[in-house]
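Trainee: Below you will find the structure I want to go over with you.
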């Protein structure tokens with residue numbers, strides 16, 4: 001094992017000099033026993049000097065400190081021993097639960113599956129959330145993006161998806177918290193504990209307050225754990241909150257390494273780094289990784305290079321809208337902006353497809369009529385348009401749903417709605433079968449039976 005010495009420290013970037021014949025390779029892990037910090041080699045500068053990123057605070061480091069080369073990339077524990085545990089970017093436990101006795105350790109840098117190993121299953125993954133199952137269904141082994149600005153509910157939606165899928169489908173999940181709030185990570189841990197699904201989830205956190213190196217690599221740590229479960233032949237879920245912070249950490253690292261920035265100050269290697277991560281999130285003939293990724297949209301601008309680069313890799317996009325959140329409709333999913341490759345009659349069936357398109361058609365017509373209503377009022381509309389508007393308002397409210405993970409805030413018990421019920425109920429609304437019910441009865445309920453019961457209760461209170 002070769003040793004070198006620190007020659008320069010600039011924030012998280014540390015230059016280390018080795019004997020010319022014993023230079024480490026790119027992505028090798030170097031360790032300081034004295035400061036208990038791991039470094040990852042990013043550039044070979046020549047004359048025996050390598051430029052590295054510290055996977056921890058560089059406080060306490062000094063020039064001349066001895067650094068050892070491990071001769072390998074960062075390796076993290078994988079397998080069942082990681083379930084129910086919180087780990088950092090190096091796979092070390094941070095939950096005071098003792099050591100992780102994993103049967104194996106894998107490198108966080110791995111090649112994507114070969115082309116002939118990939119599978120192309122079109123099986124649907126039912127989430128129990130009406131608006132998602134109807135309008136932007138998820139594929140088992142697909143990639144989903146939850147797009148939204150600050151505070152529109154990305155993390156809450158993700159927590160609900162983990163809870164529903166873990167409880168209803170009983171599969172393993174890996175959650176990578178990339179550069180998010182420590183408070184959310186804490187809430188998330190206790191939410192999983194209360195829902196009795198913690199023993200099926202591996203948690204890997206690289207929070208906002210951690211150095212850029214940790215935030216940049218923590219997604220790869222989580223992905224490596226998910227890949228192990230896939231290679232065992234399992235169907236695993238991989239959650240990332242938040243992909244934007246992964247890009248942002250890459251931008252910080254890139255600037256520290258002295259690379260020239262590209263559009264909007266992002267790193268020039270943005271598309272390559274995103275591709276390396278996303279291409280590994282794949283389903284093979286052995287097992288599948290279904291990935292759900294929260295994507296923060298800076299200033300609600302979907303054309304920003306970071307969300308725009310992410311779009312290209314996804315099968316389904318769930319766009320969370322501030323305008324819908326302002327109406328008090330949660331989940332605040334935009335039914336006209338959200339898309340899915342699975343919404344195809346050959347995949348979901350003719351009834352599901354036609355119901356989804358009719359729901360979108362009604363909402364689109366309502367959107368067009370809104371300006372006329374604002375200027376002239378409802379009375380100036382034709383009878384057909386009046387019917388469209390009342391149905392659209394009912395559909396809009398029926399797309400809301402009480403969440404299990406938000407019970408403490410809303411006071412309403414959460415609801416899981418099977419897909420067949422969702423299709424039946426929305427078809428009935430657009431067919432006009434429930435034109436006699438008040439629109440308020442459709443707000444924050446699960447199935448149509450609840451909406452009818454709510455309407456009867458409202459009528460009884462009015463008498």
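In case you wondered, yes, glycine gets a Cβ from its N, Cα and C as well.
These came from Swiss-Prot, pasted as-is:
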BINDING   148, 149, 150, 151, 152, 153, 154, 155  ATP binding site
Trainee: Hey, for the ATP site built from 148, 149, 150, 151, 152, 153, 154, 155, who else sits with CB inside 8 A of the CB center?
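Mentor: Neighbours within 8 Å of the Cβ centroid, excluding 148, 149, 150, 151, 152, 153, 154, 155: 296, 320, 325.
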Trainee: For the binding-site residues 148, 149, 151, 153, which one has its C-beta crowded by the most other C-beta atoms within 10 angstroms?
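Mentor: Neighbour-count leader: 148.
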Trainee: Across all chains shown, how many C-beta atoms besides its own are within 10 angstroms of the C-beta of residue 154 (ATP binding site)?
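Mentor: Residue 154 (ATP binding site): 27 neighbouring Cβ atoms within 10 Å.
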Trainee: These are the binding-site residues: 150, 152, 155. Which one scores highest on other Cβ atoms within 10 Å?
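Mentor: In terms of Cβ crowding, the pick is 152.
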Trainee: Tell me, by DSSP, whether residue 153 (ATP binding site) is helix, strand or coil?
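Mentor: Where residue 153 (ATP binding site) sits, the three-state DSSP reduction gives coil.
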Trainee: Let me know the DSSP-derived helix, strand or coil state of residue 148 (ATP binding site), please.
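Mentor: Looking at the DSSP assignment, residue 148 (ATP binding site) belongs to a strand.
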